[in-house]
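Here is what Swiss-Prot records for this protein:
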type: ACT_SITE; residues: ASP7; note: active site
type: BINDING; residues: ASP7, ASP140; note: Mg(2+) 1 binding site
type: ACT_SITE; residues: GLU67; note: active site
type: BINDING; residues: GLU67; note: Mg(2+) 2 binding site
type: ACT_SITE; residues: ASP140; note: active site
Amino acid sequence: MRVIGIDPGTAIVGYGIIDYDKNKYSIVDYGVVLTSKDLSTEERLEIVYDEIDKILKKYKPEFMAIEDLFYFKNNKTVISVAQARGVILLAGKQNNIAMTSYTPLQVKIGITGYGKAEKKQIQQMVQKFLGLSEIPKPDDAADALAICITHINSLGSKLSFGRTNNLNKIVVPSGTNKISLEEYKNLLKK
């Protein structure tokens, strides 16, 4: 199973791609998509869309896990992240990829088992899960790998994060139908 994790943003989008087979995590690729603050919002979103679309076409993941929006003190920031998420989700839909979202709290719990884990603790667990000699850099790519691992781990556990729209109902490639988590797990076994 191949999963891409995405840490969305307008200036920096982190991505991480992991193959998971027989309880083994294998890194395929990770990195960031960067846009210049000197560009218009529309130009930045076009770059995010185009680059994520290229990554999806190159690596052909079966699933996309993307960080959900959370509380931002700055309304301008939340709007720009929401716009970036929108073009990333569009790229996923157009590439026929099943998608789901995780909040930062869900990722912390999914990686460390502790909702108040520090960024460094999460990065160390990503390093451990993936058997790396050092923590992946930059931070946005490490965050994307954490989102990816959270999704992989959620498929094999009965853990509920308390948000039915994330794990109990997952958008399937058609984009219009919803299936239960049990049906989703059965699809993975085929």
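Cβ atoms here come from the backbone N, Cα and C positions, even for glycine.
Not measured: the values here are computed from a predicted model.
If you measure from the Cα atom of ASP7 (active site) to that of GLU67 (active site), you get 6 Å. Taking CA atoms as the reference points, GLU67 (active site) and ASP140 (Mg(2+) 1 binding site) are 11 Å apart. Counting only same-chain residues at least 6 apart in sequence, those with a Cβ under 8 Å from the Cβ of ASP140 (Mg(2+) 1 binding site) are ASP7, GLY9, ILE12, VAL13, GLY14, VAL32.
For ASP7 (active site), the Cβ neighbour count at a 10 Å cut-off comes to 25, with all displayed protein chains included. Cβ-based neighbour count (10 Å, all protein chains) for GLU67 (active site) stands at 24.
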